Amino acid sequence: MEAHGSGFRRVLVLAFCVAGIWSAYIYQGVLQETLSTKRFGPDGKRFEHLAFLNLAQNVICLIWSYIMIKLWSTRAGGAPWWTYWSAGITNTIGPAMGIEALKYISYPAQVLAKSSKMIPVMFMGTLVYGIRYTLPEYLCTFLVAGGVSMFALMKTSSKTISKLAHPNAPLGYGLCFLNLAFDGFTNATQDSITARFPKTSAWDIMLGMNLWGTIYNMVYMFGWPQGSGFGAIQFCKEHPEAAWDIFYYCLCGAVGQNFIFLTISRFGSLANTTITTTRKFVSIVVSSLLSGNPLSTKQWGCVIMVFSGLSYQIYLKWRKLQRLQKKRKTT
């Protein structure tokens with residue numbers, strides 16, 4: 001009976017994590033799309049300073065992680081704050097490119113493009129490190145790459161194009177893939193830091209990354225009289241609605257990080273990957289229904305093709321994990 005109760009509690013915690021990740025990041029996606037496409041106020045101005053979202057996100061997450069460390073962290077001996085300087089650079093440039101892409105392509109297109117992280121990873125792994133992948137892994141990559149490519153080549157509806165600030169599909173997709181490349185370096189550097197300093201907690205990483213992100217973005221946006229940060233602040237003063245959207249956007253990111261850390265600590269990275277992958281699919285559905293981004297039948301076919309590849313990749317990881325667990329039991 002006790003085991004049954006424990007299992008039920010575990011299911012409840014997992015459901016809580018799913019609800020938290022989905023609600024935080026789906027709503028953040030809605031806000032991101034709103035800020036990139038909406039015309040604010042009677043003058044109908046667009047919020048052109050999308051890179052400012054990264055600075056605002058850095059500041060909120062920096063404060064949030066500091067509070068969490070003071071409240072919950074009991075471990076000492078984590079990585080020094082200065083070790084994050086290089087990862088902070090790529091973590092500043094990469095997301096800025098991803099957000100900037102929304103000026104040129106629709107939100108569903110951006111989500112799809114950013115879902116293809118495995119493509120540059122496998123490409124660099126084969127080219128630089130000579131890693132050989134299995135046939136099923138290449139099949140996953142083919143499904144994702146094929147789906148994203150066909151989606152990009154298909155004609156976007158005039159209604160969706162009319163909402164974009166500067167429609168330019170090649171530039172938008174190019175920015176997304178550069179974002180993935182920078183993210184790859186950021187992840188590799190974070191892994192290196194945690195390997196050198198094993199006592200580093202998730203909150204330590206969040207604090208260090210957002211500290212450097214805040215520094216770099218402050219210099220970039222306010223380091224000279226013509227910095228775009230001044231224009232963003234002025235826009236928010238003139239359009240308080242945009243300022244609230246930015247605040248809620250940042251808060252969603254900080255809350256979402258909490259649920260991601262909880263999921264990884266309780267259920268592992270594979271469960272987290274599954275939840276975040278399904279969340280991206282739901283985000284596209286929500287965007288199509290709520291934001292008026294109609295997708296054609298062929299485009300929905302491409303979306304399903306991409307997420308079939310991602311789902312198969314998750315299944316392969318799960319099967320590999322099962323084999324490793326069986327080996328540990330037999331030894």
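From the backbone N, Cα and C atoms, a Cβ is placed for every residue, glycine too.
Automatic, uncurated: that is what TrEMBL annotation is.
Feature annotation from TrEMBL assigns transmembrane segment to 12-30 (among others).
The feature transmembrane segment is assigned by TrEMBL to 50-69 (among others).
Marked as transmembrane segment by TrEMBL: 81-99 (among others).
Outside the transmembrane segment (135-154), and at least 6 residues removed from its termini, the chain residues within Cβ reach (under 8 Å) are 109, 112-113, 115-116, 118-119, 122, 169, 173, 296, 298-299, 302-306, 308-310, 312-313, 316. For 135-154 (among others), the entry in TrEMBL reads transmembrane segment.
Sequence-distant contacts of the transmembrane segment (246-264), counting only residues of its own chain at least 6 positions beyond either end whose CB sits under 8 Å from a CB of the stretch, comprise 13-14, 17, 20-21, 24-25, 27-28, 31-32, 35, 52-53, 56-57, 59-61, 64, 68, 202-203, 206, 236, 271-272, 275-276. Marked as transmembrane segment by TrEMBL: 246-264 (among others).
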Positions whose Cβ lies under 8 angstroms from the transmembrane segment (12-30), at least six residues beyond its ends: 107, 111, 248-249, 252-253, 255-256, 258-260, 262-263, 266-267, 271-272, 275-276, 278-279, 282-283, 286-287, 290-291
